[in-house]
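Here the structure is laid out as C-alpha coordinates; the discussion comes afterwards.
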Amino acid sequence: MENLDSPPAANLRSKTRRAIAEERVGQPSTPTPNLSSRSRAPTKRSSPFLPTSFESLVLAIFPALLVFGTLFSVLSPQVRRAEYDPVAQAHSQDPTLSPSYFARKDNILNVVFVKKGWFWTTTAFAAFALSHPLLKQRRAGGAIEGRAATRWGLATAAWFLVTRWCFGPAIIDRSFRWTGGKCELAETAVAEGESDFGDFVSAVACKAAGGAWKGGHDISGHVFLLVLASGFLLQEVGWVWARYSGKTDDRTIVMPDGALKSAKVEAATTTETTPAAGADTLGWGGKFALVVVGLSWWMLLMTAIYFHTWFEKVTGLLTALASLYAIYGVPRFVPAIRDVVGVPGN
(Lines of atoms letter the chains of each structure in order from A and count residues from 1; the text may use other names and numbers.)
(Lines give C-alpha, C1' and ligand atoms only; values in the text may rest on other atoms or scores of the structure.)
Protein backbone atom coordinates (compact mmCIF):
# COMPACT_ATOMS: atom_id res chain seq x y z
CA MET A 1 0.00 0.00 0.00
CA GLU A 2 1.33 3.47 -0.99
CA ASN A 3 2.38 5.65 1.91
CA LEU A 4 0.28 8.81 1.60
CA ASP A 5 2.34 10.54 4.28
CA SER A 6 5.54 10.25 2.26
CA PRO A 7 7.03 13.46 0.81
CA PRO A 8 6.01 14.46 -2.75
CA ALA A 9 7.99 13.26 -5.73
CA ALA A 10 11.07 15.19 -6.72
CA ASN A 11 9.48 16.66 -9.83
CA LEU A 12 6.51 18.04 -7.83
CA ARG A 13 8.76 19.34 -5.09
CA SER A 14 10.56 21.59 -7.58
CA LYS A 15 7.41 23.25 -8.87
CA THR A 16 6.20 26.52 -7.48
CA ARG A 17 2.62 27.21 -6.58
CA ARG A 18 2.27 29.33 -9.67
CA ALA A 19 3.45 26.49 -11.90
CA ILE A 20 0.97 24.11 -10.25
CA ALA A 21 -1.85 26.64 -10.85
CA GLU A 22 -0.86 26.93 -14.50
CA GLU A 23 -0.85 23.17 -14.80
CA ARG A 24 -4.36 22.93 -13.35
CA VAL A 25 -5.93 25.47 -15.77
CA GLY A 26 -3.94 24.16 -18.69
CA GLN A 27 -2.39 27.49 -19.76
CA PRO A 28 0.10 29.92 -18.32
CA SER A 29 -1.25 32.97 -16.57
CA THR A 30 -0.60 36.36 -18.16
CA PRO A 31 0.60 39.24 -16.04
CA THR A 32 -1.90 42.06 -15.50
CA PRO A 33 -0.81 45.14 -17.44
CA ASN A 34 0.39 48.00 -15.31
CA LEU A 35 -2.15 50.66 -16.22
CA SER A 36 -0.73 53.16 -13.78
CA SER A 37 2.70 53.07 -15.42
CA ARG A 38 1.11 53.51 -18.83
CA SER A 39 -0.87 56.53 -17.68
CA ARG A 40 2.27 58.07 -16.25
CA ALA A 41 4.06 58.11 -19.58
CA PRO A 42 5.60 61.54 -20.19
CA THR A 43 3.47 63.91 -22.22
CA LYS A 44 5.07 65.22 -25.38
CA ARG A 45 5.34 68.99 -25.07
CA SER A 46 5.59 71.53 -27.83
CA SER A 47 8.87 73.37 -28.20
CA PRO A 48 9.06 76.70 -26.33
CA PHE A 49 10.98 78.10 -29.30
CA LEU A 50 8.27 77.38 -31.88
CA PRO A 51 4.58 78.30 -32.25
CA THR A 52 2.04 75.76 -31.06
CA SER A 53 0.18 73.71 -33.66
CA PHE A 54 -2.84 76.02 -33.44
CA GLU A 55 -0.68 79.14 -33.65
CA SER A 56 1.04 77.70 -36.71
CA LEU A 57 -2.33 77.13 -38.33
CA VAL A 58 -3.36 80.74 -37.70
CA LEU A 59 0.00 82.12 -38.82
CA ALA A 60 -0.31 80.19 -42.08
CA ILE A 61 -3.28 82.40 -42.97
CA PHE A 62 -0.97 85.38 -43.58
CA PRO A 63 1.24 83.88 -46.31
CA ALA A 64 -1.81 82.08 -47.72
CA LEU A 65 -3.56 85.42 -48.26
CA LEU A 66 -0.47 86.88 -49.90
CA VAL A 67 -0.02 83.88 -52.19
CA PHE A 68 -3.69 83.81 -53.15
CA GLY A 69 -3.71 87.56 -53.82
CA THR A 70 -0.57 87.37 -55.94
CA LEU A 71 -1.93 84.48 -58.00
CA PHE A 72 -5.21 86.33 -58.47
CA SER A 73 -3.38 89.43 -59.72
CA VAL A 74 -1.44 87.31 -62.22
CA LEU A 75 -4.38 85.25 -63.46
CA SER A 76 -7.09 87.93 -63.51
CA PRO A 77 -7.35 89.49 -67.00
CA GLN A 78 -8.83 92.65 -65.50
CA VAL A 79 -5.88 93.16 -63.17
CA ARG A 80 -3.27 92.27 -65.79
CA ARG A 81 -4.74 94.76 -68.28
CA ALA A 82 -4.70 97.61 -65.76
CA GLU A 83 -1.77 100.00 -65.91
CA TYR A 84 0.62 99.63 -62.95
CA ASP A 85 2.88 102.42 -61.70
CA PRO A 86 5.98 100.95 -59.97
CA VAL A 87 6.80 104.28 -58.35
CA ALA A 88 3.35 104.67 -56.80
CA GLN A 89 3.24 100.88 -56.23
CA ALA A 90 -0.35 100.85 -57.39
CA HIS A 91 -2.55 100.60 -60.45
CA SER A 92 -4.10 103.62 -62.10
CA GLN A 93 -6.12 105.62 -59.59
CA ASP A 94 -8.54 106.85 -62.24
CA PRO A 95 -11.95 105.34 -61.33
CA THR A 96 -12.56 104.54 -65.00
CA LEU A 97 -9.25 102.69 -65.37
CA SER A 98 -8.74 101.15 -61.94
CA PRO A 99 -9.30 97.36 -61.94
CA SER A 100 -11.32 97.52 -58.71
CA TYR A 101 -12.67 99.91 -56.14
CA PHE A 102 -10.20 98.44 -53.63
CA ALA A 103 -7.31 99.06 -56.04
CA ARG A 104 -7.80 102.78 -55.39
CA LYS A 105 -6.04 104.33 -52.43
CA ASP A 106 -9.09 106.45 -51.66
CA ASN A 107 -11.35 103.46 -50.95
CA ILE A 108 -13.23 103.89 -47.68
CA LEU A 109 -11.53 101.04 -45.80
CA ASN A 110 -8.07 102.27 -46.71
CA VAL A 111 -8.83 105.84 -45.67
CA VAL A 112 -10.84 105.15 -42.50
CA PHE A 113 -9.45 101.81 -41.34
CA VAL A 114 -5.92 101.12 -42.62
CA LYS A 115 -4.62 104.69 -42.41
CA LYS A 116 -5.78 104.74 -38.79
CA GLY A 117 -5.02 101.07 -38.24
CA TRP A 118 -3.21 101.30 -34.92
CA PHE A 119 -5.98 103.44 -33.46
CA TRP A 120 -8.52 100.69 -34.23
CA THR A 121 -6.14 98.04 -32.91
CA THR A 122 -5.63 99.90 -29.65
CA THR A 123 -9.36 100.57 -29.25
CA ALA A 124 -10.21 96.90 -29.81
CA PHE A 125 -7.53 95.74 -27.36
CA ALA A 126 -8.69 98.18 -24.67
CA ALA A 127 -12.34 97.18 -25.14
CA PHE A 128 -11.47 93.51 -24.70
CA ALA A 129 -9.09 93.98 -21.77
CA LEU A 130 -11.58 96.11 -19.83
CA SER A 131 -14.68 94.03 -20.50
CA HIS A 132 -13.83 90.32 -20.58
CA PRO A 133 -15.08 88.40 -17.50
CA LEU A 134 -11.83 86.50 -16.90
CA LEU A 135 -9.73 89.65 -16.90
CA LYS A 136 -12.24 91.38 -14.63
CA GLN A 137 -11.82 88.59 -12.06
CA ARG A 138 -8.04 89.01 -12.07
CA ARG A 139 -7.93 92.77 -12.04
CA ALA A 140 -7.49 93.15 -8.28
CA GLY A 141 -3.72 92.60 -8.25
CA GLY A 142 -3.01 94.75 -11.29
CA ALA A 143 -0.22 92.48 -12.60
CA ILE A 144 -2.35 91.09 -15.42
CA GLU A 145 -3.29 94.55 -16.67
CA GLY A 146 0.28 95.80 -16.34
CA ARG A 147 1.78 92.97 -18.37
CA ALA A 148 -0.90 93.21 -21.06
CA ALA A 149 -0.25 96.96 -21.29
CA THR A 150 3.48 96.24 -21.58
CA ARG A 151 2.87 93.90 -24.51
CA TRP A 152 0.71 96.54 -26.16
CA GLY A 153 3.51 99.04 -25.59
CA LEU A 154 6.02 96.75 -27.28
CA ALA A 155 3.71 96.20 -30.27
CA THR A 156 3.14 99.95 -30.49
CA ALA A 157 6.88 100.56 -30.37
CA ALA A 158 7.40 98.09 -33.23
CA TRP A 159 4.73 99.83 -35.31
CA PHE A 160 6.16 103.27 -34.55
CA LEU A 161 9.80 102.39 -35.23
CA VAL A 162 9.08 100.59 -38.48
CA THR A 163 6.56 103.00 -40.00
CA ARG A 164 6.90 106.38 -38.26
CA TRP A 165 10.22 107.26 -36.62
CA CYS A 166 13.39 105.42 -35.61
CA PHE A 167 15.70 108.05 -34.17
CA GLY A 168 15.20 109.87 -37.44
CA PRO A 169 13.64 108.23 -40.50
CA ALA A 170 11.54 105.12 -39.90
CA ILE A 171 13.01 101.67 -40.53
CA ILE A 172 11.03 101.42 -43.77
CA ASP A 173 12.59 104.66 -45.05
CA ARG A 174 16.07 103.69 -43.84
CA SER A 175 15.89 100.31 -45.60
CA PHE A 176 14.78 102.08 -48.78
CA ARG A 177 17.83 104.34 -48.65
CA TRP A 178 20.18 101.46 -47.75
CA THR A 179 19.07 99.55 -50.86
CA GLY A 180 19.78 102.45 -53.22
CA GLY A 181 16.53 104.39 -53.09
CA LYS A 182 16.40 108.16 -53.34
CA CYS A 183 14.12 111.13 -53.74
CA GLU A 184 14.63 112.47 -57.26
CA LEU A 185 13.58 115.98 -56.31
CA ALA A 186 16.04 115.96 -53.40
CA GLU A 187 18.94 114.94 -55.63
CA THR A 188 18.24 117.86 -57.98
CA ALA A 189 17.61 120.37 -55.19
CA VAL A 190 20.77 119.44 -53.30
CA ALA A 191 22.86 119.57 -56.47
CA GLU A 192 21.61 123.10 -57.13
CA GLY A 193 22.15 124.10 -53.50
CA GLU A 194 18.50 124.88 -52.93
CA SER A 195 17.93 122.42 -50.11
CA ASP A 196 19.56 120.17 -47.55
CA PHE A 197 19.32 116.46 -48.37
CA GLY A 198 18.17 115.82 -44.80
CA ASP A 199 14.85 117.44 -45.66
CA PHE A 200 13.95 114.52 -47.94
CA VAL A 201 15.11 111.38 -46.13
CA SER A 202 11.59 109.99 -45.73
CA ALA A 203 8.94 108.98 -48.23
CA VAL A 204 6.43 111.37 -46.67
CA ALA A 205 8.77 114.37 -46.94
CA CYS A 206 9.77 113.44 -50.48
CA LYS A 207 6.22 113.07 -51.76
CA ALA A 208 5.06 116.17 -49.88
CA ALA A 209 7.70 118.16 -51.76
CA GLY A 210 6.51 116.74 -55.06
CA GLY A 211 9.42 114.33 -55.48
CA ALA A 212 9.52 110.70 -56.61
CA TRP A 213 10.62 108.18 -53.98
CA LYS A 214 12.12 105.38 -56.04
CA GLY A 215 15.07 103.15 -56.75
CA GLY A 216 15.28 101.06 -53.56
CA HIS A 217 13.41 98.27 -51.83
CA ASP A 218 10.26 99.46 -50.07
CA ILE A 219 9.04 97.20 -47.26
CA SER A 220 5.25 97.07 -47.53
CA GLY A 221 3.98 99.15 -44.64
CA HIS A 222 0.41 97.98 -45.26
CA VAL A 223 1.37 94.32 -44.97
CA PHE A 224 3.47 95.00 -41.88
CA LEU A 225 0.70 96.92 -40.12
CA LEU A 226 -2.12 94.51 -40.97
CA VAL A 227 -0.17 91.40 -39.94
CA LEU A 228 1.17 92.99 -36.74
CA ALA A 229 -2.25 94.33 -35.71
CA SER A 230 -4.22 91.15 -36.36
CA GLY A 231 -1.51 88.92 -34.87
CA PHE A 232 -1.40 91.06 -31.73
CA LEU A 233 -5.17 90.93 -31.24
CA LEU A 234 -5.37 87.19 -31.89
CA GLN A 235 -2.70 86.51 -29.27
CA GLU A 236 -4.31 88.74 -26.65
CA VAL A 237 -7.89 87.62 -27.27
CA GLY A 238 -7.31 84.01 -28.26
CA TRP A 239 -5.46 82.74 -25.20
CA VAL A 240 -7.77 84.51 -22.76
CA TRP A 241 -10.79 83.04 -24.51
CA ALA A 242 -9.18 79.57 -24.56
CA ARG A 243 -8.46 79.64 -20.83
CA TYR A 244 -11.90 80.95 -19.91
CA SER A 245 -13.54 78.30 -22.10
CA GLY A 246 -11.50 75.47 -20.59
CA LYS A 247 -9.53 74.74 -23.76
CA THR A 248 -6.14 73.03 -23.63
CA ASP A 249 -3.15 75.34 -23.33
CA ASP A 250 -0.34 73.61 -25.22
CA ARG A 251 2.19 76.41 -24.85
CA THR A 252 5.49 75.39 -23.24
CA ILE A 253 7.68 77.71 -21.19
CA VAL A 254 11.19 77.41 -19.79
CA MET A 255 11.32 77.79 -16.01
CA PRO A 256 14.18 79.57 -14.19
CA ASP A 257 15.74 76.18 -13.36
CA GLY A 258 15.65 75.14 -17.03
CA ALA A 259 12.69 72.78 -16.70
CA LEU A 260 10.00 72.73 -19.39
CA LYS A 261 6.48 73.30 -18.08
CA SER A 262 3.06 74.07 -19.44
CA ALA A 263 2.31 77.80 -19.55
CA LYS A 264 -0.69 77.23 -17.27
CA VAL A 265 1.61 76.62 -14.26
CA GLU A 266 2.15 80.37 -14.09
CA ALA A 267 -1.52 81.25 -14.42
CA ALA A 268 -2.86 83.64 -11.82
CA THR A 269 -4.02 81.75 -8.73
CA THR A 270 -7.35 83.38 -8.04
CA THR A 271 -10.82 82.07 -7.44
CA GLU A 272 -12.17 82.00 -10.95
CA THR A 273 -15.72 81.17 -11.86
CA THR A 274 -16.30 79.03 -14.93
CA PRO A 275 -18.87 80.28 -17.43
CA ALA A 276 -22.27 78.66 -17.43
CA ALA A 277 -23.26 76.41 -20.31
CA GLY A 278 -24.11 78.52 -23.34
CA ALA A 279 -22.56 81.67 -21.85
CA ASP A 280 -20.77 84.19 -24.04
CA THR A 281 -17.10 83.32 -23.48
CA LEU A 282 -15.81 85.93 -25.91
CA GLY A 283 -17.63 89.07 -24.77
CA TRP A 284 -18.48 92.13 -26.80
CA GLY A 285 -14.89 93.37 -26.61
CA GLY A 286 -13.62 90.11 -28.07
CA LYS A 287 -16.17 90.27 -30.88
CA PHE A 288 -15.13 93.83 -31.66
CA ALA A 289 -11.50 92.69 -31.81
CA LEU A 290 -12.41 89.89 -34.23
CA VAL A 291 -14.14 92.42 -36.49
CA VAL A 292 -10.88 94.39 -36.59
CA VAL A 293 -8.99 91.16 -37.37
CA GLY A 294 -11.44 90.32 -40.17
CA LEU A 295 -11.10 93.76 -41.75
CA SER A 296 -7.32 93.49 -41.46
CA TRP A 297 -7.31 90.18 -43.31
CA TRP A 298 -9.57 91.56 -46.03
CA MET A 299 -7.34 94.57 -46.59
CA LEU A 300 -4.27 92.33 -46.49
CA LEU A 301 -5.80 90.38 -49.36
CA MET A 302 -6.54 93.61 -51.26
CA THR A 303 -2.94 94.71 -50.74
CA ALA A 304 -1.72 91.36 -52.04
CA ILE A 305 -3.81 91.74 -55.20
CA TYR A 306 -3.39 95.40 -56.10
CA PHE A 307 -0.34 96.92 -54.37
CA HIS A 308 3.42 96.39 -54.07
CA THR A 309 5.70 93.78 -55.58
CA TRP A 310 5.86 90.24 -54.28
CA PHE A 311 9.21 90.79 -52.53
CA GLU A 312 8.01 93.99 -50.85
CA LYS A 313 5.02 92.11 -49.44
CA VAL A 314 7.21 89.26 -48.22
CA THR A 315 9.55 91.60 -46.34
CA GLY A 316 6.57 93.36 -44.79
CA LEU A 317 5.27 89.98 -43.62
CA LEU A 318 8.64 88.88 -42.23
CA THR A 319 9.14 92.16 -40.37
CA ALA A 320 5.73 91.81 -38.70
CA LEU A 321 6.28 88.14 -37.81
CA ALA A 322 9.67 88.96 -36.30
CA SER A 323 8.04 91.63 -34.13
CA LEU A 324 5.32 89.22 -32.97
CA TYR A 325 7.90 86.55 -32.16
CA ALA A 326 9.90 89.01 -30.06
CA ILE A 327 6.78 89.91 -28.05
CA TYR A 328 5.11 86.50 -27.70
CA GLY A 329 7.76 83.89 -28.53
CA VAL A 330 10.90 85.04 -26.73
CA PRO A 331 9.27 85.37 -23.26
CA ARG A 332 8.39 81.66 -23.33
CA PHE A 333 12.05 80.65 -23.13
CA VAL A 334 13.53 83.68 -21.32
CA PRO A 335 12.06 83.76 -17.78
CA ALA A 336 13.48 87.20 -16.97
CA ILE A 337 11.60 88.75 -19.90
CA ARG A 338 8.47 86.75 -19.08
CA ASP A 339 8.49 88.22 -15.56
CA VAL A 340 8.02 91.64 -17.15
CA VAL A 341 5.72 91.03 -20.13
CA GLY A 342 4.04 87.75 -19.13
CA VAL A 343 2.11 85.59 -21.59
CA PRO A 344 -1.52 86.21 -22.63
CA GLY A 345 -4.13 84.32 -20.65
CA ASN A 346 -2.03 84.02 -17.47
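Yeah, the Cβs are placed from backbone N, Cα and C, and that goes for glycine too.
TrEMBL does not curate its annotations; it predicts them automatically.
Owing to the predicted nature of the structure, the values given are computational and were not obtained by experimental measurement.
Of all ranges given (117-135, 155-173), TrEMBL attaches the label transmembrane segment to 117-135. In the three-state DSSP reading, H222 (active site) counts as helix. Sequence-distant neighbours of H308 (active site) (same chain, 6+ apart, CB under 8 A from its CB) are Q89, D218, S220, H222, V223, G316. In the three-state DSSP reading, H308 (active site) counts as coil.
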